[in-house]
Amino acid sequence: MIEMKTIENVLGNTTFYALILATFTSWLNLFFLKSKIWSNLARSSTFLSSLFVVNLLLSRWTNGKYFPISNLYESILFLCAILLIGQQLAELKLSTRLIRCLNLPLVLCLYWFGNSGLPPEMRIITGLAPSLQSNWLMMHVSVMMLSYGTLILGSLLCLLFLLLKTYATKKADLTTTTSSAITITNNEAKQTIVETKNLSKSLLEIIDIWSYRLIGLGFPFLTLGIISGAVWANEAWGAYWSWDPKESWALITWLTFAIYLHARLIKGWTGQKTATIGSIGFVVIWVCYLGVNFLGKGLHSYGWIG
């Protein structure tokens, strides 16, 4: 037991420092050191971070003899793993470092909160509470965490879309102003503006498409998670729905992303309009996942120690 605890402590500290390195090198690579060496270092440290988090979960699984999603701390580790793996898969399709620069600080803060902001009792491996000794535990919680991770990445891309849209607009305006103030030909000025707009438009279209795909993937997971949770609640508490704070915010999260998908599929909205809805969803999902837990009450309060 002592040896396993030591291994877990080493893995936990190593993961934290690997995340710091990945975040630091990613931002350096984006703004200052744009060489391939720094890009590879950022990618390698990100991969190692995800590997360490997965091994930390496997260690707790082996030691505790149950799938490690029994409380808020373990769910944070699980979510960190999903976000890191999802980010690396998204990078293969997006071919941009921007998603890494936004996601890694988020994962680092989440991981730090899990290890420093939560009560130490949560990190101790104990037996499952009676209410959690059910086959529905792995089904419900793992699916919900998969939905959270996928939806967070999708909504993070919506935020990225809005940031790039604002930046592209300001840059185009600045180029127009500068071109009229200095002695360059009209053709050169027009070409610079067109190239800037075309580059931004191409990247924005890719980000818009992939934010839609990720949210479209996460929404069925969220739906399945809510349904499985209702079935489990009926077995455990005798009612499918009790308007518990966690249940209520899960419904609000579902409605927010349902509006996003409705706007795209039925209304035909794309770009800034749907990115704004997705950005609202980013806030809502964090309230659902973490904000409600600070209340320390409700039927789901077993995941939080007040």
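Keep in mind that glycine also has a Cβ here, set from the backbone N, Cα and C atoms.
For 15-33 (among others), the entry in TrEMBL reads transmembrane segment. Only residues 6 or more beyond the boundaries of the transmembrane segment (15-33), in the same chain, are considered here, and those with a CB under 8 A from a CB of the stretch are 39, 41-42, 45-46, 48-49, 52-53, 56, 97-98, 100-101, 104-105, 107-108, 111-112, 115.
Positions annotated as transmembrane segment by TrEMBL: 45-61 (among others). Residues 4, 7-8, 11-12, 14-15, 18-19, 21-22, 25-26, 67-68, 74, 77-78, 80-81, 84-85, 87-88, 100, 104, 107, 111, 125 of the same chain sit 6 or more residues outside the transmembrane segment (45-61) yet have a Cβ under 8 Å from a Cβ within it.
Annotation source TrEMBL lists transmembrane segment at 67-86 (among others). Outside the transmembrane segment (67-86) by six or more residues, the chain places 46, 49-50, 53-54, 56-57, 60-61, 103, 106-107, 110-111, 113-114, 118, 122-123, 128-129, 132, 137-138, 141-142, 145-146, 148-150, 152-153, 214, 289, 293, 302-304 with a CB less than 8 A from a CB of the stretch.
On the 0 to 100 pLDDT scale, the domain 'Cytochrome c assembly protein' (70-300) averages 81 in this prediction. Under the heading domain 'Cytochrome c assembly protein', TrEMBL lists 70-300.
Same-chain residues lying 6+ beyond the ends of the transmembrane segment (137-164) with a Cβ under 8 Å from its Cβ atoms: 66-67, 69-70, 75, 78-79, 82-83, 86-87, 90, 98-99, 102-103, 106, 128, 200, 203-204, 207-208, 210-215, 217-219, 221-222, 224-226, 228-229, 232, 250, 253, 257, 271-272, 274-279, 281-282, 285-286, 289. What TrEMBL records for 137-164 (among others) is transmembrane segment.
The annotation transmembrane segment is assigned in TrEMBL to 210-233 (among others).
The annotation transmembrane segment is assigned in TrEMBL to 248-265 (among others). Counting same-chain residues at least six beyond the ends of the transmembrane segment (248-265), those with a Cβ under 8 angstroms from any Cβ of the stretch are 144, 151, 212, 215-216, 218-219, 222-223, 225-226, 229, 273-274, 277-278, 280-281, 284-285, 287-288, 291-292.
Only residues 6 or more beyond the boundaries of the transmembrane segment (277-296), in the same chain, are considered here, and those with a CB under 8 A from a CB of the stretch are 72, 79, 148, 151-152, 154-159, 162, 211, 215, 245-246, 249-250, 252-253, 256-257, 259-260, 263, 303-304, 306. Annotation source TrEMBL lists transmembrane segment at 277-296 (among others).
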